[in-house]
Amino acid sequence: MTKKVAVLPGDGVGTEVTKGAVAVLKAIGERFDHQFEFTYGLIGGAAIDEAGTPLPESTIETCKQADAVLLGSVGGPKWDRNPSHLRPEKGLLAIRKELDLYANLRPVTFYDSLADASPLKKEYIEGVDFIIVRELTGGLYFGKPSERRTEGNKETVVDTLFYKRTEIERIIRQAFDTAVNRRKKVTSVDKANVLESSRVWREVAEEVAKDYPDVELEHMLVDSAAMQLIRNPKYFDVVVTENMFGDILSDEASMLTGSLGMLPSASLTADGPSLYEPVHGSAPDIAGQNKANPIAAILSAAMLLRHSFGLEKEAAVIEQAVESVLHAGHRTADLADGNHYLGTDKMVEAITAVIANDSAISSIMTAYS
């Protein structure tokens, strides 16, 4: 198989973790005789510095000509005082719109070997395995108008929460399609006691549920969902919600694993290249120090293989390799208890070594033979 992957390292640790993810994809290519061609583009602060815009046209074209996109991270204090249209995050929002990346999937998985890294007791998180399906191209982040105004001598501000019914339907349908292959339960999260958009959200969820009689649907207010994620995270299977709620809840859920550095994500489109990125930010405080955890980016590469290329076995091998190195006690700085930890590069080397080891991945190879 020959596929093109557009790589957008971005800012901060993004350059380091995408380098690790590319190394793992190359190891998979060698192991399974696939050819992955990598092209690179600018986004975020790096693009502002070099091209004067957070998302150059050349980057858009690079992405559209690829079969999938691998992103690092964007942002940093260097650009915090820039005008709104020259903020690094605008590049991320723009690429989502350009590629119509409407569905963001964020799996949250418990690793037994990382139980001590979680702020919750093991009995609360053991067995946690759920996925947040977040709508990604509507809501407050994209609604217009979004501006400051002067009315008389007073400054006012306005943001707009805007959704089309079709946008709500397609993300909820994505959640049900995901649940069919899991434990067949969808928790739809909203604020229907206050927001009209959430009341429409509930109506659409009920309509879509009729097409999936084997999948259970429940509604939950976002404040209750935020509480349940900590109180009883094993309760959830598939959580579907609008853009801002999903942004907040998925970051909250990330701490169940002990570190943002463990959580991958996929941003899917119905037609064209989908985008894969770690949930964590650019972490400028550790950028360039070989301290970043590359696992979220590497697991994002596994999601890329699964969702964009249909390479389920290869994705499972990456996930097994990650689990193996964690079980062996290898940790990056964010997960380590003390001063003994692997640098970014050594963690990548440990994972690629497992991929190349026949005995280490024999169970996966047998399962898919």
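From the backbone N, Cα and C atoms, a Cβ is placed for every residue, glycine too.
For the substrate site, Swiss-Prot records R96, R106, D223, and the single candidate of R134, R148, R182, R183 listed with them is R134. For the binding site of substrate, formed by R96, R106, R134, D223 according to the record, the largest Cα to Cα distance is 27 Å, rounded to a whole number.
Cα of P88 (NAD(+) binding site) to Cα of D251 (Mg(2+) binding site): a distance of 19 Å. In the three-state DSSP scheme, D80 (NAD(+) binding site) is classed as coil. Close to R106 (substrate binding site) in the fold, though at least 6 residues off in sequence, lie I131, I132, R134, G246, S250, A253, S254, L263, P264, S265, V279, each with a CB less than 8 Å from its CB.
If you measure from the Cα atom of A287 (NAD(+) binding site) to that of D251 (Mg(2+) binding site), you get 20 Å.
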